[in-house]
Amino acid sequence: MFNFEISAHCPHTKGRCGCFHTPHGPVQTPRFMPVGTLATVKGISTEQLARTGAQMVLSNTYHLHLQPGEQVVAEAGGLHRFMGWDGPMLTDSGGFQVFSLGNLNKIDERGVVFRNPRDGRTIDMTPEHATNIQMALGADVAMAFDQCPPYPATENDVKDACRRTHAWLERCVNAHTRSDQALFGIVQGGCFPHLRRESARAVAAFDLPGIAIGGVSVGEPTDDMHRIVRDIGPLLPLDRPRYLMGIGTLREMAVAVANGIDLFDCVLPTRLGRHGTALVGGERWNLRNARFRNDHTPLDSSCSCLACTGHSRAYIHHLIRSDELLGLTLLSLHNITHLVRFTNAMAQAIQDGCFSEDFAPWQEDSPAHHTW
């Protein structure tokens with residue numbers, strides 16, 4: 001039911017392209033996944049989302065547990081039917097949100113007790129509970145409940161988080177019973193190379209259908225993130241999809257693909273869109289800027305998204321300056337399409353044997369003027 005096929009390798013890097021098969025269809029890799037935290041990508045319908053070329057969508061267990069509750073989603077027939085998306089889906093376990101957003105009362109070997117920010121009630125989140133919620137939601141891929149340490153953190157604190165993450169992973173595996181849902185483990189370890197290597201080996205030993213690298217994009221220097229991906233890549237199974245969590249800039253994705261990463265997710269494209277910013281090439285354009293007022297050309301003539309094929313820069317500028325919701329939707333659609341096109345282009349370059357040449361500039365500090 002779950003199978004990962006690699007169709008080509010880059011001869012000069014660790015980059016590869018392939019296909020991850022799920023019950024709701026294939027996911028061509030490398031691939032960017034839009035984030036639909038509450039069973040919706042903000043401001044975008046599922047029909048519009050499909051036009052971006054997105055194949056797999058991420059939702060969040062923590063937020064869906066709080067609202068509307070997994071029982072409501074299960075009664076609707078699962079997450080796919082609830083939101084009207086018939087493609088592959090992944091649910092994050094909510095571990096990151098529990099530790100970053102929740103008002104923690106207690107964390108111990110059993111799990112986490114935190115206060116619901118909506119109504120103040122106490123929630124006891126254990127690995128078993130997080131797994132049961134995700135089984136009720138019914139996405140194609142569920143993520144193991146993990147402890148994501150903040151940055152910076154002491155070595156002892158990160159070591160404790162790794163120990164809990166590995167122990168909790170075993171409990172998630174034992175609790176997970178849906179054969180039509182894959183469970184991915186998550187590598188932690190902060191910016192400590194030896195802890196990252198230990199975690200990679202520990203998680204890989206569970207022989208799960210896929211593996212993720214967590215605890216990045218939490219404030220650490222970019223070079224540290226690149227080193228983490230480079231160092232632990234050789235320790236991960238070659239025949240399983242590798243998912244780098246929370247990453248969505250062009251440079252970071254190019255570096256990650258060169259080191260054998262297959263899947264990415266990030267709120268960046270929609271967050272930028274909601275603030276009037278468009279991704280064009282390697283640049284970020286603020287469409288509120290007066291220079292777009294009389295510019296009647298498409299946002300990006302090479303892009304086939306709804307914003308670029310039907311509207312001008314001047315019109316989108318007008319929408320943003322007028323605080324019209326359509327402007328935010330158009331920019332969000334464009335930005336998602338932009339990242340999907342970028343990962344598609346990397347896959348094609350790997351197939352054609354020119355990835356290391358064509359995408360080397362994107363791994364530099366300032367790739368703004370490069371195209372693909």
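All positions are counted from 1 along the displayed chain.
Quick reminder: no glycine exception, Cβ is built from N, Cα and C everywhere.
Predicted, not measured: the structure shown is a model, and the values here were computed from it.
Binding site for Zn(2+) per Swiss-Prot: C303, C305, C308, plus H334 from the candidate set H275, H317, H318, H334. Looking up the ranges 20-24, 65-69, 230-234, 270-274 in Swiss-Prot, the one annotated as region 'RNA binding' turns out to be 270-274. Looking at 113-119, 120-126, 246-252, 288-294, the stretch flagged in Swiss-Prot as region 'RNA binding' turns out to be 246-252. From the candidate list G210, G215, G219, the residue Swiss-Prot records in the substrate site shared with D92, S93, G94, G95, F96, D146, Q188 is G215. Here C305 (Zn(2+) binding site) is compared against the binding-site residues G94, D146, Q188, and the shortest C-alpha distance is to G94. For C303 (Zn(2+) binding site), the nearest neighbour among the listed recorded positions (S93, D146, D265), judged by C-alpha distance, is D265. A 10 Å cutoff on Cβ-Cβ distances gives C303 (Zn(2+) binding site) a total of 19 other Cβ atoms nearby, all chains included. Between the CA atoms of H334 (Zn(2+) binding site) and G215 (substrate binding site) there is a gap of 28 Å, rounded to the nearest whole number.
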